[in-house]
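Q: Can you keep this structure in mind? I'll have questions shortly.
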Amino acid sequence: MALCVMDTARALACRDGTAATNLKLISIFVIFFTSVIGITLPVFLARFLFHGKQVHDKAILIIKCFAAGVILSTSLVHVLPDAFTALSDCQVSSRHPWKDFPFSGLVTLIGVLTALLVDLTATSHVESHQNHAEGYAVVGNSEELGILSKKIDVEQQQREAEELVKLKQRLVSQVLEIGIIFHSVIIGVTLGMSQNQCTIRPLVAALSFHQIFEGMGLGGCIAQAGFSFGTTAYMSFMFSVTTPMGIVLGMIVFSITGYDDTSPNALILEGLLGSLSSGILLYMALVDLIALDFFHNKLMSGQSSLKKVSFIVLVLGSTSMSILALWA
């Protein structure tokens, strides 16, 4: 209880509604601009700079490994600890049932299992269509027609395999964006509801770099998935505006209800959504990004130098995002 009183006194000393509002209005434009830079950079590199060149596939793989490191660090170093802290706050942890059970771990597990269920369902759906297509065969009794039929079957199987991989990559990008949007909304709403100028000022600078790295992570996956220009633009736009919209939503919620980011209900919502987001991002990083690229990617086979470079880039992405945890 004494700790709660000390924290409250420290927060009251920094509370200035006018200064906080001005900082939040500035942060909306700054975070939007940095988000656009982060997510469009890997897409631009893949679509215009490396497209059609021999290094295209390797460049996309390197970008995606950096993305995997960023997403993994986002889940374990940023989102999950924040969710645990929110549900461990003395205003929440002193109540039932929050003091009786580790809900942050449970909801993270639910997030992992939910991502797995979506992955399994989508993969089964695609494979069922592939098996249905394989049921058709070329009918003929001549030797030439038989050879042609086999050639067509091989080409069809190759096309279907490539289509399956592409659909998998698109699914990964879409589910990944859902997890990141959860995270971005939480960040935005929390910042928008806060009236603590001492917290907001350094947070804006840190979140700017945060959005650049997270945008590069998502942008790398979008670039590899090969979406159309319209879909790429839409996904990039949604990522870029989610955090600013969250800030506006948080400001509206505070003006209507008077709740701020330290209220028990706000902390519970932040903790639950953060835990769910952490589980989704954790699954996507480990299963659909790292495991898929390092163990099931043809480019990695027999190229030890590419494996080493990919691992170094993975560590670099994780390290870069982890260092930002010092400020945000």
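Glycine too: its Cβ is placed from the backbone N, Cα and C atoms.
Source: prediction; values computed, not measured.
Checked TrEMBL, it gives:
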type     : residues : note
TRANSMEM : 25-49    : transmembrane segment
TRANSMEM : 61-81    : transmembrane segment
TRANSMEM : 101-122  : transmembrane segment
TRANSMEM : 175-194  : transmembrane segment
TRANSMEM : 200-222  : transmembrane segment
TRANSMEM : 234-256  : transmembrane segment
TRANSMEM : 276-297  : transmembrane segment
TRANSMEM : 309-327  : transmembrane segment
Q: Does the transmembrane segment (175-194) come near the transmembrane segment (234-256), with 3+ Cβ pairs under 8 Å (pairs 6 or more apart)?
A: yes
Q: Short question: which residues 6 or more past the ends of the transmembrane segment (200-222) have a Cβ under 8 Å from it?
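A: Cβ under 8 Å, 6 or more out: 20, 23-24, 26-27, 30-31, 34-43, 60, 63-64, 66-68, 70-71, 74, 78, 169, 172-173, 176-177, 180, 183-184, 187, 191, 194, 232, 235-236, 239-240, 243, 289, 317, 320-321, 324, 327-328.
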Q: Which residues, given as numbers and ranges, are at least 6 beyond the ends of the transmembrane segment (234-256) yet have a Cβ under 8 Å from it?
A: 21, 24, 27-29, 31-32, 35-36, 39-40, 43, 173-174, 177, 180-181, 184-195, 207, 211, 215, 218-219, 222, 227
Q: Taking the transmembrane segment (61-81) as the reference, which of 25-49, 101-122, 276-297 gives the largest number of Cβ pairs under 8 angstroms?
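A: The listed stretch sharing the most Cβ pairs with the transmembrane segment (61-81) is 276-297.
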Q: Looking at the stretches 25-49, 276-297, 309-327, which one shares the most CB pairs under 8 Å with the transmembrane segment (101-122)?
A: 276-297
Q: State the residues, same chain only, that lie 6 or more residues beyond the ends of the transmembrane segment (25-49) and have a CB under 8 A from a CB inside it; answer 'none' if no residue qualifies.
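A: Hits for the transmembrane segment (25-49): 56, 59-60, 63, 67, 191, 200, 204, 207-209, 211-216, 218-220, 222-224, 232, 236, 239-241, 243-244, 247-248.
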Q: Which residues, given as numbers and ranges, are at least 6 beyond the ends of the transmembrane segment (276-297) yet have a Cβ under 8 Å from it?
A: 61, 64-65, 67-68, 71-72, 74-76, 79-80, 83, 107-116, 119, 168, 172, 175-176, 178-180, 182-183, 186, 221, 307, 310-311, 314
